[in-house]
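Below is one structure; the comments refer to it alone.
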Amino acid sequence: MAGTVVLDDVELREAQRDYLDFLDDEEDQGIYQSKVRELISDNQYRLIVNVNDLRRKNEKRANRLLNNAFEELVAFQRALKDFVASIDATYAKQYEEFYVGLEGSFGSKHVSPRTLTSCFLSCVVCVEGIVTKCSLVRPKVVRSVHYCPATKKTIERRYSDLTTLVAFPSSSVYPTKDEENNPLETEYGLSVYKDHQTITIQEMPEKAPAGQLPRSVDVILDDDLVDKAKPGDRVQVVGTYRCLPGKKGGYTSGTFRTVLIACNVKQMSKDAQPSFSAEDIAKIKKFSKTRSKDIFDQLARSLAPSIHGHDYVKKAILCLLLGGVERDLENGSHIRGDINILLIGDPSVAKSQLLRYVLCTAPRAIPTTGRGSSGVGLTAAVTTDQETGERRLEAGAMVLADRGVVCIDEFDKMSDMDRTAIHEVMEQGRVTIAKAGIHARLNARCSVLAAANPVYGRYDQYKTPMENIGLQDSLLSRFDLLFIMLDQMDPEQDREISDHVLRMHRYRAPGEQDGDAMPLGSAVDILATDDPNFSQEDQQDTQIYEKHDNLLHGTKKKKEKMVSAAFMKKYIHVAKIIKPVLTQESATYIAEEYSRLRSQDSMSSDTARTSPVTARTLETLIRLATAHAKARMSKTVDLQDAEEAVELVQYAYFKKVLEKEKKRKKRSEDESETEDEEEKSQEDQEQKRKRRKTRQSDAKDGDSYDPYDFSDTEEEMPQVHTPKTADSQETKESQKVELSESRLKAFKVALLDVFREAHAQSIGMNRLTESINRDSEEPFSSVEIQAALSKMQDDNQVMVSEGIIFLI
């Protein structure tokens, strides 16, 4: 505060006169005179002034305003009140004070919470950041009026503290007695209060230095500025930077607390928008028309070019970046347009790398991990302010990523309670808090891209997908697509991957020096609340395709062009704005395919669903088809979009399950060998050959082979051949014998008579054979008895276990 200049009355009046001349610009363009008239008609009391206009008209006064804010703003606000009174005297008397808010170019005083240092104290600064904490709105007394019944006099007292522009704070003692110790009564109707709120602004994650904690600054909002921002909003706050003395035990300590007293709060765009030129728009239109047939495949191939394969996953991530169409119906229902994807698979299949690519490509993305995140850390938390002791709301990762993407790695490491906390966010797109006396609803309209490992560490192909995934159905149904990514052993594919990885390690970007760290920043920041000096000089010509590099893209016979990352960002940004409409043809096709999906699990026995097919799947098909239409820059969702969406869902929802060969049980060595032992061994050899061929073909299809499965080698090891018993031979033969209807009916009648005579629910096989054939004219052979019992067991009429027949 050493640099602060206290103005005397003469200088204050001179400053007030300069500001009044600036506002009274009727002879010039009349901008601020019309603004003041609008302020009166809108019943407002804060005028937004552009610093550039003041600098153009009175540069000396503008510099003083930025460097000695408190006294200059007091003079500016008095001048504003005088100017309002000259236009409408009655309106000027309605409000105690009129406020001035600033905008425009602040140059070196346009800072972030990290660069806001002590040299800016008592200056006007513009701070950018994300609102992370938000206190409750409290009333603060400005003027209290007290009535003394004994003397019948009225006493008035004004209050000011260090958060106001007045240089010296008044006494905070609330009067209860007058000078003669007569009791006073407070006239609450005549007293004046103003709203007061404290928010905390944190620096933006994309601008924070890597490996350092983000810094924050407290901002004080008064009167009409309260509730201008909520947790998760990106804002620019213009205000005066001030230090407040810290007190401990009634004494002022040497450490000071700094706050920003706001005079203007401006909402920034939710997205970090890329800057567009007319040429960029023309290129985007031309690209969408010339590549209209395979534009979706072209864009999907260009996603994460450093990752080999995973074509369907890349298509799904492109759909996630484009998104569907969000709808709010008249009855209050909300249909989300965000697409959620879960990647589950073996280690080292590039799940985390895909997440990192989305972080770099999406306009707004926040990374988090399952082990390092809690449920309230992802949604919102109610915390206690250490200084005031009051409750405040703190936004989590999903609220901060509103209209963006949340990337959650190691999703399986989260606890069930924390995973349950994100259910509402994934479907409704909002967070509802009702705890500690705070009831709030925050927007969290974000897409979720999660990566997880299977339950057993690696994916077991002999178990169903649901057993491998190990997540609740209620959570899985909220993911639009669930991809199972396997590390399969295929010599040809392994050769391609090794070639690809080696090329990536040999590649070096142009101009990269030895040992240089890769730059993490983006384009040049604009040090103003607006971008008035936008020119084409800063714009580089955005190339549609990347220049082909043999190391980066490989030497293929058919050179596939890769869309550049810069053009991809701009194309996705433009495509997201389009809102396609479903055609009748595509709607009918989606409805038919949805009903087919519901019954598809009963068609083939060797496939199983990765996630439940519910009504949400129908919305998934619509969202994916809409995203495909956005990629084509189409205003309608056509049949080809619906077909592509169905193909994605078919690939993601069903996974083949292998059947394990039953291992033979070892029998005792003293059992005699049967005559057909040699034939059996030959059959086994043939079956093994067939199985090996089948598995090799499956591996080529990319569907079944597991590099850690040694079932083939186990079967090829020498095994002890076990002889067949007579019972097993009869059982096999009984499956070949077919009983006639009359013969089966006679057996059932005879069986029922045997159970009635025995007065029991179970009977042995030997006893049954004797009892049935005792009085029978045509006795039943043991093979017929086995066949009849097998038939009755299939019909759930009897149960055979260890030679005992149970009547059901």
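Glycine residues also receive a Cβ, built from the backbone N, Cα and C atoms like all the rest.
What Swiss-Prot records for A2 is N-acetylalanine, and it gives similarity to another entry as the kind of evidence.
Residues or ranges marked as phosphoserine in Swiss-Prot: S160 (among others). All protein chains included, S160 (phosphoserine) registers 15 other Cβ atoms within 10 Å of its own Cβ.
Annotation comment: Swiss-Prot describes S275 (among others) as phosphoserine.
The domain 'MCM' annotation in Swiss-Prot covers 295-502.
Residues or ranges marked as ADP binding site by Swiss-Prot on the basis of similarity to another entry: Q353, L393, E394, A395, A397. The C-beta environment of Q353 (ADP binding site), restricted to residues of the same chain at least 6 apart in sequence and closer than 8 Å, consists of A304, S306, I307.
Non-local neighbours of the motif 'Arginine finger' (477-480) in the same chain are 339-342, 423, 426-427, 448, 450, 611-612, 614, 616-617, 620, 623-624; each lies 6+ residues outside the stretch with a CB under 8 Å from one of its CB atoms. Residues annotated as motif 'Arginine finger' in Swiss-Prot: 477-480.
Annotation source Swiss-Prot lists ATP binding site at A523, R664.
If you look up Swiss-Prot, you'll see S535 (among others) marked as phosphoserine.
What Swiss-Prot lists as N6-acetyllysine is K547 (among others).
The annotation region 'Disordered' is assigned in Swiss-Prot to 662-738.
Among the features that Swiss-Prot reports, phosphoserine is placed at S668 (among others), with the record citing similarity to another entry.
The compositional bias 'Acidic residues' annotation in Swiss-Prot covers 670-681 (among others).
For S681 (among others), the entry in Swiss-Prot reads phosphoserine.
Among the features that Swiss-Prot reports, compositional bias 'Acidic residues' is placed at 704-717 (among others).
According to Swiss-Prot, the phosphotyrosine annotation covers Y708, on the basis of similarity to another entry.
According to Swiss-Prot, the phosphoserine annotation covers S711 (among others).
A 10 Å cutoff on Cβ-Cβ distances gives L393 (ADP binding site) a total of 23 other Cβ atoms nearby, all chains included. L393 (ADP binding site) carries a strand DSSP state (E or B). Across the domain 'MCM' (295-502), the model assigns an average pLDDT of 81.
According to DSSP, S160 (phosphoserine) is assigned to coil rather than to any helix or strand. Taking every protein chain shown into account, A395, A397 are the binding-site residues, and of these the Cβ with the most other Cβ atoms within 10 Å belongs to A395.
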